[in-house]
Amino acid sequence: MKTSIAIVDYGMGNLRSVAQALKKAEPAADVAIVDTPAAIRAADRVVLPGQGAMPDCMRCLGESGLQEAVVEASRTKPLLGVCVGEQMLFDWSAEGDTKGLGLLPGKVVRFELDGRLQDDGSRFKVPQMGWNRVRQSRAHALWDGVPDDAYFYFVHSYYVMPDDPAHTVGETAYGAPFTSAVARDNIFATQFHPEKSAEVGLRLYRNFVHWKP
């Protein structure tokens, strides 16, 4: 029986890119972009994407009528958050003083890099845009076959700060180390975009399809 994956369509996020990457990573999976609570509840696995500003993402999720179904899914089935979808899982964001879903304890803060210089003498830019390494700070099934310190693609000005360090499974350096991947129980989430991260991103998506938390 095919594994069904629901990509939550609440009006924010690069849904088609995520869907195409998941289908390429695991052609046997049944991948669908969904916009009803019933479709989220019926799926075996759920992906919460997000891009842009967290206040807009939280508002759109609330107005979509899908928020309760996403919270339910976080308790009962594998859930993957991507980019702002990761940030939304936390309690609060400094971006617009925004309340998150509260599924993971912690907050979201902005890079404070004014005047800081990189090794080549250029200034750090916010947002961080481009490839950067992810150090696997804790073993996890979604890292299977993904080399430690592999490059993933980032586009963001804010990052998560989990209250519990044990929830951090990936770290990246940009001015200073920050949490770039988190996990707890059946939840896994990344600040980077696996769908924009070539083969290592596809491997992570394939691992998600087969993950049995």
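Residue 1 is the first one shown; counting continues down the chain.
Keep in mind that glycine also has a Cβ here, set from the backbone N, Cα and C atoms.
What Swiss-Prot lists as domain 'Glutamine amidotransferase type-1' is 4-213.
The Cβ of Cys83 (active site, nucleophile) has Gly13, Pro49, Gly50, Gln51, Val155, His156, Thr190, Gln191, Phe192, His193 as same-chain neighbours under 8 Å, each 6 or more residues away in sequence. Residues annotated as active site, nucleophile in Swiss-Prot: Cys83.
Residues or ranges marked as active site by Swiss-Prot: His193 (among others). Every protein chain considered, the tally of other Cβ atoms within 10 Å of the Cβ of His193 (active site) stands at 21.
Counting only same-chain residues six or more apart in sequence, the Cβ atoms lying under 8 angstroms from the Cβ of Glu195 (active site) belong to Asn14, Ser17, Val18, Gln20, Ala21, Leu22, Val82, Gly201, Tyr205. Swiss-Prot lists Glu195 (among others) with the feature active site.
On the 0 to 100 pLDDT scale, the domain 'Glutamine amidotransferase type-1' (4-213) averages 96 in the predicted structure. A strand conformation is recorded for His193 (active site) in the three-state DSSP classification.
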